[in-house]
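Q: One structure, as structure tokens, below. Some questions next.
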Amino acid sequence: MKRIATTLVVLGLTAGAALAEVAPNDVAFEDGAIEQSLSGTAGNAENGRKIATTKSLGNCVSCHAAEAYADVPFHGEIGPMLDGAGSRWEEAQLRGIVANAKMIFEGTMMPAFYKTNGYIRPGNAYTGKAAEGDLPPLLSAQQVEDVVAYLMTLKDE
Amino acid sequence: MKTKMHRTVLGAAALSAFAFAAPVLADEDAELIVNGDLSIVTKTAAPAHLSDSLDEILSGWRFRNDDTQVMQMDDFDNPGMLGADVGLDQFAAVMGSEGKSCADCHDGPESLSTVRATYPKWNEAAGEVRTMQMQINDCLTNQMGAEAEKYDSAKMLNFEAMLAVAARGTPVNVAIDGPAQSVWETGKELYYTRFGQLELSCANCHEDNYGNMIRADHLSQGQVNGFPTYRLKNAKLNGIQSRFKGCVRDTRAETFNPGSPEFIALELYVASRGNGLSVEGPSVRN
């Protein structure tokens, strides 16, 4: 029953978007927000939680604490707590924050997760060596959508 | 002292409202006294050139947990002292084609007790800013006819540890004016440059967020007064510029190498941010 409902929502959202992925350079920001889904496929909140709390993926936990993922050890305290983010922000704003937080918070320390160029001495991941060619974004279009879907579940009680 | 620290830690844990595991926090108010009699300044007013950004400067010692702090309070417990001892042997050993040791030209490490506190420093004859390691290499090659040591080699860090002990407790006092100034400006620019795919500068972590956790790491001000540092993580002495290299790499950047002009400039700049703290090396860090 629950499954069917989710599928219907997915179909509803993607109708017309034709599953087109928006490339990092083509993202349209409006006041720091991104209206259009980056992947054309609805995000998976459960997967988003994993991305946010896994070091090799989004690693949001290294800077943000949240009671919502209290089971994960060692929360950073660089950025605000993420509990309630889904009440404070619209989905389009959260998409913008994750894709490139600098578009909303000028000069913020938060890295841009959906961007491929404009870096100073970009490296090949954590090797310390120069990057060869264009870097892939830190998160894929679908991973951004998944993280946004997860953030939308973090509502104020 | 010990009991007081423990109470502070328990207090902090009780205050924390969250269920997630938090690492044992440092006692940022503890004072460092080595061997019961040598007082080390680990917190003081920021030097004038930092007045726009910091009020006070803090040694990395303040941010380490109780056990690590305590290891540095007694030379018998401080594993870095072994390197300083080897450094003393190296000081007396004949090296190179001239048949000389350091001790032939220098009256014991005591005669070099101002070195650690004042380097990197402008060398007029050479027309360059020199780190301690550059100066030691100059002695090795030009005075002694020995091979140059690689940057941050074990032997170099033993020399540095020995000279740090000779200067321990004296205030860092690196000159930033005169001919060194342009190099210092270059270092400053590097300090505030947001490198790599994560677009992070030294200042993002060590000026704007010291005292905060970044995952399981308690961020310090990234001061270099404690170098060389014995790190429990790799169980050896570590050099300043190797630490820089690791920090730049962690921004997903193409890093610089120890001994590069960029890191020499950055070392001068970062060292000057610690003007007023005591020389503390060899320190213990995690």
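Each Cβ is built from the backbone N, Cα and C atoms, and glycine gets one as well.
Taken from TrEMBL, the feature signal peptide covers B:1-21. Look at TrEMBL and you will find B:87-172, B:187-279 tagged as domain 'Cytochrome c'. The heme c 1 binding site annotation in TrEMBL covers B:Cys102, B:Cys105, B:His106, B:Cys139. Per TrEMBL, the feature heme c 2 binding site maps to B:Cys202, B:Cys205, B:His206, B:Cys247. Summarising the annotation, TrEMBL assigns substrate binding site to B:Arg243. The active site, cysteine persulfide intermediate annotation in TrEMBL covers B:Cys247.
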Q: Give me the count of other Cβ atoms within 10 A of the Cβ belonging to B:His106 (heme c 1 binding site).
A: 14
Q: Within a 10 Å radius of its Cβ, which of these binding-site residues (B:Cys102, B:Cys105, B:Cys247) has the fewest neighbouring Cβ atoms?
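A: Candidates: the binding-site residues B:Cys102, B:Cys105, B:Cys247. Fewest Cβ atoms within 10 Å: B:Cys105.
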Q: Roughly how many angstrom lie between the C-alpha atoms of B:Arg243 (substrate binding site) and B:Cys202 (heme c 2 binding site)?
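A: The separation of the Cα atoms works out to 12 Å.
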Q: Sorry to bug you, but what's the C-alpha spacing from B:Cys205 (heme c 2 binding site) to B:Cys102 (heme c 1 binding site), rounded to the closest Å?
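A: The Cα atom of B:Cys102 (heme c 1 binding site) is 39 Å away from the Cα atom of B:Cys205 (heme c 2 binding site).
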Q: Give the residue counts of the domain 'Cytochrome c' (B:87-172) per reduced DSSP state, in the order helix, strand, coil.
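A: The counts are 44 helix, 9 strand, 33 coil.
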Q: For the heme c 2 site made of B:Cys202, B:Cys205, B:His206, B:Cys247, how many Å separate the two farthest Cα atoms?
A: 11
Q: Sort the residues of the domain 'Cytochrome c' (B:187-279) into helix, strand and coil with DSSP and give the three counts.
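A: Split into helix, strand and coil, the domain 'Cytochrome c' (B:187-279) gives 32 helix, 16 strand, 45 coil.
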Q: Checking B:Cys102, B:Cys105, B:His206 - which of these binding-site residues have a CB within less than 8 A of a chain A CB?
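A: Answer, by Cβ distance to chain A: none.
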Q: Considering Cα atoms only, can you say which of B:Cys105, B:His106, B:Cys139 is the nearest neighbour of B:His206 (heme c 2 binding site) among these binding-site residues?
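A: Given the candidates B:Cys105, B:His106, B:Cys139, the nearest one is B:Cys139.
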Q: Here the binding-site residues are B:Cys139, B:Cys202, B:Cys205; which one has the lowest number of other Cβ atoms no more than 10 Å from its Cβ?
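A: Selected from the binding-site residues B:Cys139, B:Cys202, B:Cys205 on minimum Cβ neighbours within 10 Å: B:Cys139.
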Q: What is the pLDDT of the domain 'Cytochrome c' (B:87-172) when averaged and given as a whole number?
A: 97
